[in-house]
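As given in TrEMBL:
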- B:4-119: domain 'Tetrahydrofolate dehydrogenase/cyclohydrolase catalytic' (DOMAIN)
- B:138-280: domain 'Tetrahydrofolate dehydrogenase/cyclohydrolase NAD(P)-binding' (DOMAIN)
- B:GLY164, B:ARG165, B:SER166, B:ILE232: NADP(+) binding site (BINDING)
Protein chains: 2
Amino acid sequence: MLLLEGKSVSKALRAKVKEEIAALSSAVKRVPGLAVILVGEDPASQVYVRNKEKACEEVGITSYSYRLPHDIGQENLIKLIRELNADDRVDGILLQLPLPEGLNTQACLQAIDPRKDVDGLHPENQGRLALGLKALRPCTPAGTLFLLDYYKYDLEGKNCVVLGRSHLVGRPLAMMLNDKTMNATVTMCHSKTRNLKEICRQADFIFLAIGRPRFLTPDMVKEDAVIIDIGINRTEDGLCGDADFKALEGKVAAMTPVPGGIGLMTISQLLENTMQAWKYAMGLIRLEDLA
Amino acid sequence: MLLLEGKSVSKALRAKVKEEIAALSSAVKRVPGLAVILVGEDPASQVYVRNKEKACEEVGITSYSYRLPHDIGQENLIKLIRELNADDRVDGILLQLPLPEGLNTQACLQAIDPRKDVDGLHPENQGRLALGLKALRPCTPAGTLFLLDYYKYDLEGKNCVVLGRSHLVGRPLAMMLNDKTMNATVTMCHSKTRNLKEICRQADFIFLAIGRPRFLTPDMVKEDAVIIDIGINRTEDGLCGDADFKALEGKVAAMTPVPGGIGLMTISQLLENTMQAWKYAMGLIRLEDLA
């Protein structure tokens, strides 16, 4: 079984981003900037945010941190977002989700300038994605495609099953796989799907994004399947994915580990997106040239 | 076999729209207005546009016609769209597609105010759809769902195959079926799909939107399948759908005819969308209350 290592692929993507920033920044006399907003004290979010800031530093992106109390209030949060929209040092704005109760997530996300929406969650970017136009794309699905491309998988005509239909992962991933650049046949499954086992057993590629620890078991896959595990679950035994890795190991053609798989790709893609937004802001590329 | 008649369903939808407009327009002292733009002389487009204008009249929507020469030029067309965006009598703007060569379809569609985008093709509306938010939705898929609802089909957990991935029909339809309001399991197929016959034979519902005359044949369906034929093809023997209607008749549980099926729903949904846009413009409903 081939282990699809997020570590080496992610390293390759970061090296590319770092190199490109180094090559271009002297000419435009400014490095890319990412504003990271964390509201409240969710421990997992704190870890994510720290990892993102560290990764920025590594590749030459300046990060600007905004740690806000959980009771900041909708208006104040949107006021900050508007200031960052107007701030020329800031190319990307990352609003760490989930937001504490009492804040309207959609209203906050929609306040972000689509050109600085490095998480690809603004309706305009999601719409451009749906229409097959270039856009800032959600980091996890975009990073997933980078990994597949790194391992030279050709998905044209392949049966892909996407488990989970979040706006962050499942739905945009399905749209990207189905697109004319990928040409996969995509089945979108979720909690209401009836014959899931049967559907999965026909899949060449299975993408898991449901947040259920060790959900996918050997009886649900065919031998030559490729398993892309996007789930990150905290259990008593530590982090694990949506696939039962130990049980599946050696029984499929290839699989991503958790941790050390797609999670790393997500952060690397955030760096790539921030660089893309910067290049666009600097007039180095047009909207149609986004990666 | 149940014949899913667009005629009666479409009549029901138009009656509802007519009634609602009559009930509300005296209070707001203005009826809905739809601007219809036709560029060039494509004969099929001329028929479509005339049918749309007639349907408007039938339900109490004022239509404003703009017949433009094929060589109108991008700038002039966008100038007209901007004027219509600012015109308070106009609630909906319909740009009949396809546009003649030399015009940038995306640029023109994106010039339409999303609140007047009754075809649901602006990135903002497509993005809201992808995000599961209320939006002006593309007429054909929205009209298709109205027909399914009229016949009281419950698609939760059902295997749906969508053939075709246009931005007008296939992709938004797949998104809607997969949404939490419908909960269907959706497989998106297209010209690169390898085992199409096998996939279709497992489908409870098949949605055809590929524009290939009589493509779906009895060997590709199971007995209790429901066939929704969205294709409209001009052949030597007249109009026909993507399904081989004669060959399939009696061999599936239900089917829409062509003509007299989804085509009628598309126009009726355009009227519904125009009324929705009018209600929103008049302050009678909020964006979240769009049908």
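Residue numbering: from 1, along the chain as shown.
Cβ from N, Cα, C; glycine included.
Look at B:ARG165 (NADP(+) binding site): DSSP puts it in coil. Taking the Cβ of B:ARG165 (NADP(+) binding site) as reference, residues of its chain lying under 8 Å away and at least six apart in sequence are, in sequence order, B:ARG171, B:ALA174, B:MET188, B:HIS190. Residues from the set of binding-site residues B:GLY164, B:ARG165, B:SER166, B:ILE232 situated with their C-beta under 8 Å of a chain A C-beta: B:ARG165. Other Cβ atoms within 10 Å of the Cβ of B:GLY164 (NADP(+) binding site) number 23 in total over all chains. Once Cβ contacts within 10 Å are tallied over all protein chains shown, the binding-site residues B:SER166, B:ILE232 are led by B:ILE232.
Across the domain 'Tetrahydrofolate dehydrogenase/cyclohydrolase catalytic' (B:4-119), DSSP assigns 63 helix, 18 strand, 35 coil. For the NADP(+) site, whose annotated binding residues are B:GLY164, B:ARG165, B:SER166, B:ILE232, the maximal Cα to Cα separation is 15 Å.
Shown for the domain 'Tetrahydrofolate dehydrogenase/cyclohydrolase NAD(P)-binding' (B:138-280): DSSP residue counts in helix, strand and coil, namely 53 helix, 28 strand, 62 coil.
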